[in-house]
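Heads up: the structure comes next, in structure tokens.
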Amino acid sequence: MLSQGGDAELELVDSSDPFSEGVLLSVRPPKKSWRLIQHLSGGEKTLSSLSLVFALHHFSPTCVYFLDEIDAALDYRNVSILANFVKQKAKDAQFIIISLRNQLFELANRLVGIYKTFDVTKSVAVDPDRFSTEEKGDENLRPLAAGSLEGLSGPSAASPLLSKERGIENSREEASTPLFSR
């Protein structure tokens, strides 16, 4: 469940011609009054919209979800709730989510970083399950061989934790790494 309660109602704008105008989504967030979705805060709009999408897909599921920065308007608590909800739903479907929030990264089965160097788009695929969270002195935390991620810029370029053995693959060809796999 994405929220701790609340209600929603869909109403046809023109019931005599249902395909002419669309629907109105009214929402009553927990401990608040009924409002049209356009009068909600950004986080409330996000949770309401996602609740509607997942409710519809409960009755007619899809095998893949593409979600772009759905967590942008959410606070830390709600991003964590969303991440756990998606993790639960990922048992029956694949999720490809574009995000900048750690709470979603932490529960991911696979991470793909996209970056550009010398006008060429490249990617780095990470299998988080292959990372050790033990002490820094752990032998599994050895640095990469020099040049193994040449051309990579940004925070991940300096990370001593990246290696093929640790679940990270660097793509040297444009768009050669699959973005998802089952």
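Easy rule for this one: first residue shown is 1, then count along the chain.
Every residue gets a Cβ built from N, Cα and C, even glycine.
The compositional bias 'Basic and acidic residues' feature in TrEMBL is assigned to 132-141, 163-175. What TrEMBL records for 151-162 is compositional bias 'Low complexity'. Per TrEMBL, the feature domain 'RecF/RecN/SMC N-terminal' maps to 39-117. Residues or ranges marked as region 'Disordered' by TrEMBL: 132-182.
Confidence annotation: the domain 'RecF/RecN/SMC N-terminal' (39-117) carries a mean pLDDT of 90 in the model. When DSSP labels each residue, the domain 'RecF/RecN/SMC N-terminal' (39-117) comes out as 38 helix, 17 strand, 24 coil, counted as helix, strand and coil in that order.
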